[in-house]
Amino acid sequence: MESQGVPPGPYRATKLWNEVTTSFRAGMPLRKHRQHFKKYGNCFTAGEAVDWLYDLLRNNSNFGPEVTRQQTIQLLRKFLKNHVIEDIKGRWGSENVDDNNQLFRFPATSPLKTLPRRYPELRKNNIENFSKDKDSIFKLRNLSRRTPKRHGLHLSQENGEKIKHEIINEDQENAIDNRELSQEDVEEVWRYVILIYLQTILGVPSLEEVINPKQVIPQYIMYNMANTSKRGVVILQNKSDDLPHWVLSAMKCLANWPRSNDMNNPTYVGFERDVFRTIADYFLDLPEPLLTFEYYELFVNILVVCGYITVSDRSSGIHKIQDDPQSSKFLHLNNLNSFKSTECLLLSLLHREKNKEESDSTERLQISNPGFQERCAKKMQLVNLRNRRVSANDIMGGSCHNLIGLSNMHDLSSNSKPRCCSLEGIVDVPGNSSKEASSVFHQSFPNIEGQNNKLFLESKPKQEFLLNLHSEENIQKPFSAGFKRTSTLTVQDQEELCNGKCKSKQLCRSQSLLLRSSTRRNSYINTPVAEIIMKPNVGQGSTSVQTAMESELGESSATINKRLCKSTIELSENSLLPASSMLTGTQSLLQPHLERVAIDALQLCCLLLPPPNRRKLQLLMRMISRMSQNVDMPKLHDAMGTRSLMIHTFSRCVLCCAEEVDLDELLAGRLVSFLMDHHQEILQVPSYLQTAVEKHLDYLKKGHIENPGDGLFAPLPTYSYCKQISAQEFDEQKVSTSQAAIAELLENIIKNRSLPLKEKRKKLKQFQKEYPLIYQKRFPTTESEAALFGDKPTIKQPMLILRKPKFRSLR
């Protein structure tokens, strides 16, 4: 008898028990049997039950042909103990079942076990009757095991039916309170729960700056949670959305290299490079990245909130942390370890060492002295022209100097065009005169002042200026200053910067979030930008911006629409090695206490992906992770390591913006590096999410919550980690713990005073037979064992045989 497999989940054992007992009661053949000159109807022998149940279990998909006959006998014993069956005389509760001709029958009561649920409370006037009936049932049940009586069984059945009718009546009366949930209600609960968990993990007061709730598709979440393999990979019902078989074969070949190359594959030189190029071409030709264009802002914002893009804290004046309670959560971002370049570290130390009075006086001097501002503007113009003429090897890659060379501040006459990227900081500047322009210019860019040409940054931006960045009256201002990404400058951008014909766009959410976080902490955007763009090898190579400007200025306008989002490796051959070392990701970008936050947040975000995209991402991450860790993998690139090549090749097909000029490939590469290191945790299914949704749906069904957003649900799980021990220590603890428990059992037998002496001797002999070493350790000699039972009982003396008195004759 075949049946569908019971799905994994809570109460699976109870469901299996109910399925087997139901099948056994429904299919076990019953007939008349004769025993001890009596006939019994509707019964079966133990041997017949073993045969039939054995065939049932072997043909059941939940058990399989591995079931043995002895296991079937053990299951029948459990049936007898739990009153699924009883002997022909009505006795049950023991496990006296063997493969013989003993007769059994089915009881009148149902053997099914109810799943744990919250029954409605009975009415007050039925509580007393229920308690009396309950007591009587328990008493009759105990008696029925030994001396069953017909009137007792009849009474217990009547009481059970009475209670059953009362519960059914109560269910009917409370049926109004139990709501019928539609599919829309269930989907809304999924959306609500995952957003609440994401907000709690990130620790933000609102998700408005992170994700739009309309972007959350509950159907994708439910599918990704339910349809997974044993390894957690999504299983697609529609195979047309899956990877082609030749791509899967190629991925398996490289993931298991060289073990999978024992087939009839060719072994010519460069075979593995051709296979890798085939896989890369497939993923790069996909119509959209695996994380989709829609969720680009989500993943960028997650990294911003988690500290992936660090904004150092700099307090100034009266603007302290108490002005913004949320800023206290980001105190850890000011650690010296968060700076990935020497220049940014020195800049931060330079700001911290500056005196507050010097900063105030310098700011007042710059604002009040128009001549000083004009001189600074002219000097910055000269620096701009000078940076265009400097060769690629004379400029530090990704430093703040390159930010100056990206725009001509003197020639701008309209607002520049901000890009949709989290690393940009283009800000509309209020003001029409050159005084305001130079004032903001000093706050936004490095300033070269004095004979020594020191790099100077203002440590106190104006709070009023930062608060009025997005006001409507500032949109029409003709001047703007900002930052450009070093890897995405195009010919069109350069023409717009030179001709002053840039169009204004609304800042994207990730940029506004980064700007808001820097505003709260009175810090700068240029410092984290320089920190992220800075290469480890400052003195080597050149920036992609310089190379892009020199190589693309001579191109015609017909090539503007081409994909110009090139990495540092594609733009410059001289910067190949620094870029590859930059993308290796060997040094963690996140601080240790922020790594767990990023993993949990990305775990929830990856559940939002369409199932085909999530499956492809899982398989891709597994492949590149294995390849990067495989020491036997041949070199796939002449100048790059395997890990650097994986990150550089697949960064565009994982994270990409809809407008390709806005892609920050460095950020995408670092995200791929983080996914490679933690893909097993990020791409697994969180169990706590399913539990929270089930509890929330249960509350909704019982009418405790009218809307999904009105109530509370289960709190987040608390993680506790145990100290890992070696295998040898585990084996030692296993043996010692087991022996200690057995020795404790022996002591309990010895000290049990309620146990009769004869029964105690019997148990001790049985214990000595099973565990002789432990018994000998407790009783090393026979004297110690004899002392346990105390003095031997005195033997009664035999009655004295008295001589019968002889009666004298009366004669």
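Cβ atoms are placed via backbone N, Cα and C, with glycine included.
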Where Swiss-Prot places phosphoserine when the choices are S480, S512, S567, S575: S512
From 262-317, 598-653, the residue range that Swiss-Prot assigns the feature region 'Interaction with ZNF224': 598-653
Average model confidence [pLDDT] within the domain 'DEP' (24-108): 89
Number of helical, extended and coil residues in the region 'Interaction with ZNF224' (598-653), per DSSP: 41 helix, 0 strand, 15 coil
For the domain 'DEP' (24-108), the number of residues DSSP places in helix, strand and coil: 30 helix, 18 strand, 37 coil
